[in-house]
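Asks: If you scroll down you'll find the structure; I have some questions about it.
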Amino acid sequence: MVWTTTHGYPGIGLKRELKKAIESFWAGESNEDDLSETARALQQQHWREQAEAGVDLIPSGDFTLYDRMLDMSLWLGAIPRRFHKENSLTGPSLLFAMARGTAQSVACPMRKWFDSNYHYIMPELDDFCPGAGEPAGSRSGAKAGAFDPDPTDLVLAFREAQAGGWDTKPTLIGPLTFLALSNADPSAIPDLLRALGPVYGLIIAALAREGADWIQLDEPALILDHTSGYWAAMEEAYAAIAAKKGASNLIVATSYGDVAEAWPALIDLPVDAIALDLVHGPHNRDRLLHSVFPSDKTLIAGVVDGRNIWRMDLAAVLSLLEVLTQKISPERLALAPSCHLFHLPYTIERETSLDPGLADRLAFARERLEELHILQVGINGGRDAIAGALEENRRRFSDHAARPGQTNSAVRERMQKLKESDYARLPYAERSPQQDAALRLPVLPTTTIGSLPQTPDLRKARARYRSGKMNGAIYRGLLQEKIRKAIGLQEELGLDVLVHGEYERADMAEFFAERLEGMTVTQHAWVQSFGTRYVRPPIIYGDIQRRGPMSVQETVYAQSLTTRPVKGMLTGPVTLLNWSFARPDLSHEQIATQLALALRDETMELEAAGIKMIQIDEPAFREGFPLKRGEWPLYLKWAVRAFRLASSGVSPQTQIHTHMCYSDFSSVIASIEAMDADVITIENSRAPLELLRVFGATGYPRGIGPGVYDVHSERVPTVGEMRVLIHRALKVLPRKNLWINPDCGLKTRRMKEVLPALTNMVAAAAQVRDELD
């Protein structure tokens, strides 16, 4: 009989219990025991929900307090030397220190997880300091370069699940993915893989001794293009792992698309089951249908979408499964989501404010479990066994297709009439002098990225206003008071270019989604972006059009308070798309074009109202890249054109800024330049040399602001530290192009951290200016 499993479940809790527990621990309001108790309760709840939904094999070890890659670094003993020197750091305190930094130590780098909006903590393998040859967990008297595995957390989670009556599969990041997503030099990865095989073997052996029937190693990196040089070493690593599995069965799980050329290496691994993504991996489906799957392995078919929220066409999925069962015996077939379900909100049940017709078409994590069970019953018992569910599913699809708002003829007509001149401005070399004359900024101009700290009283007022408990005039008055104080504060600090603070925005994507036709927002559909930073992705369900001015009122009010330029702040079309759950019936190119047209209207209205500088943020531009390099050119073509369409309606005198987050720009710098923004600010403080070399080597001709301090850490950098970063930038960038700024928005920080950091930043810029004079 076909059975079911999952690769992981959202860990944040139905009501964001994990966030509250962690932030209470950070604030010193609770202790480690309190945090552990909340974590245990959440894990048990997640196991219970999956079991009650009919999942046959539930994962353990998928739960994390912060990030699974960070957990893996700790389990392998890959702890950077700077944290090992802080002897007081143990347990959760060590984990959070590596993620967020301390007063003495900068945080580990943070990077995007594949093509998602999730950020992982990058393993640092050039400077870790594990204690070789010592009992697990001791890690003192360290020997650099030796991994020291500690499977305690995995073993305890497995035991706890067993005690609750759940037989689980311990799940951990596999060695190839751990290394491929680390900061290791690619040339060193084969040797590191060979070294890690026995280390993983010790962890697997410990789990096998506990009686784990199945153990899963997640290897999504197998879908990446650049892994072919690692396959021989990977086979050696997995041979060492398999030698320690005892009676346990090993699973290698891939996600996020096609394994492509990795297929031969994958099926030859000495494992007992292979998980494939059949939702976002069309070539995976074709290969299974037209070739022979190994007879000694179980196929775990990822047939329900772990990335998007639209319900599956159950009849179509069942048709695929019916063909697969003719090629693979049912006892060697399992059903699963396409990936870990942490990319999805918890459940649609709490979204009582959504249009019922739209909500009926959506499936969050809990609903994916229901779909999985229906498919299992259907493939084991035949279509008659799920006839009612199939009919209900068909009705949902037909009702949604007929919903009003799906198609807007005015939007479609405007798209058809676009011409090449709509995507172009006056050349940069000609418009830049006009902007300099209009703005009259000093060398090394200082600014922030946009958002300023949001206080509990502001969040409370916004919630009261949204729920109808606060009068609109009173709320707008509160916002104006916040803006007035923010402008005064920025002037006192000596910043050259100011922002209004974005106090009216709970989220940079959600704010615009609420003001655009064809998009909607949720109340409780939270997903993790990083750590305790959760977001509610908007839902794109129909054609997109601006209802009216979205940001003009607040920006114009801020500009009226100062003679210094205030930036208009917009979220770009590619980011709005990549940070939303997109409708499945239009291409991403078509959706991005609609978003760009709406934003174009907004930029032109800001300019008409006297705003001379407009920032169109694209922090998610890089994360939308297809994982296969061969698909990049098409993505870059439409993504760049969408940005240009949004930004090219203004005059040459108006300066267009953009901001991008943790990204690898080295292979796409030409496309970044093709966006034709006048100034780009980038997150750079956690990797101070990498990006500068890219922009410097290519002679990037426009303004650039490499972030000089990490806003994701509460640590306040000194004037001297920021001066060092500025001088490094000046070695590769012309002084006329360099801007000084934090590396991201400041909304989630506290003012007691922001004020000294910005004070030091302005002082550092002033000192370097004096040195240049």
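Our numbering is plain: 1 for the first residue shown, then up by one each step along the chain.
For all residues, glycine too, the Cβ spot is worked out from N, Cα and C.
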Asks: HIS659, CYS661, CYS744 bind Zn(2+) 1 in TrEMBL, but which of GLU673, GLU683, GLU753 does that record place at the same site?
Replies: GLU683
Asks: Name the one residue among ASP355, ASP601, ASP617 that TrEMBL lists for the same L-homocysteine site as ILE449, GLY450, SER451, GLU502.
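Replies: As annotated by TrEMBL, ILE449, GLY450, SER451, GLU502 share the L-homocysteine site with ASP617, chosen from ASP355, ASP601, ASP617.
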Asks: Return the residue out of TRP166, TRP214, TRP231, TRP579 that TrEMBL annotates for the same 5-methyltetrahydropteroyltri-L-glutamate site as ARG16, GLU17, LEU18, LYS19, LYS112, ASN117, GLU623.
Replies: TRP579
Asks: Just jot down the residues in the same chain as SER451 (L-homocysteine binding site), at least 6 apart in sequence, with C-beta under 8 A of its C-beta; none if empty.
Replies: VAL499, GLY501, GLU502, ARG505, MET508, GLY745, LEU746, LYS747
Asks: I'm trying to understand the geometry here, so how far is the Cα atom of HIS659 (Zn(2+) 1 binding site) from the Cα atom of GLU623 (5-methyltetrahydropteroyltri-L-glutamate binding site), in Å to the nearest whole number?
Replies: 13
Asks: Give the sequence-ordered list of residues that share a chain with ASN117 (5-methyltetrahydropteroyltri-L-glutamate binding site), lie 6 or more positions from it, and have CB atoms under 8 Å from its CB.
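Replies: Set apart from ASN117 (5-methyltetrahydropteroyltri-L-glutamate binding site) by at least 6 residues yet with Cβ under 8 Å, we have VAL527, SER529, VAL535, PRO537, ASN578, TRP579, ALA620, GLU623.
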Asks: Using a 10 Å cut-off between Cα atoms, which of these binding-site residues sit near GLY450 (L-homocysteine binding site): ARG16, LEU18, LYS19, CYS661, GLU683, CYS744?
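Replies: For GLY450 (L-homocysteine binding site), the binding-site residues whose Cα atoms are within 10 Å come to CYS744.
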Asks: Among the recorded positions LYS19, LYS112, HIS659, HIS712, which residue has the largest number of other Cβ atoms within 10 Å of its own Cβ?
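Replies: Checking each of LYS19, LYS112, HIS659, HIS712, the winner is HIS659.
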Asks: Could you tell me which of these binding-site residues, GLU17, GLU502, ASP617, GLU623, GLU683, has the fewest other Cβ atoms within 10 Å of its Cβ?
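Replies: Result for the binding-site residues GLU17, GLU502, ASP617, GLU623, GLU683: minimum number of other Cβ atoms within 10 Å at GLU17.
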Asks: I'm trying to understand the geometry here, so how far is the Cα atom of ARG16 (5-methyltetrahydropteroyltri-L-glutamate binding site) from the Cα atom of ILE449 (L-homocysteine binding site), in Å to the nearest whole number?
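Replies: Just about 28 Å between their Cα atoms.
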Asks: Please give me the CB contact count at 10 A for CYS744 (Zn(2+) 1 binding site), counting all chains in the structure.
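Replies: Here the count is 25.
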Asks: Determine, from DSSP, whether TRP579 (5-methyltetrahydropteroyltri-L-glutamate binding site) sits in helix, strand or coil.
Replies: coil
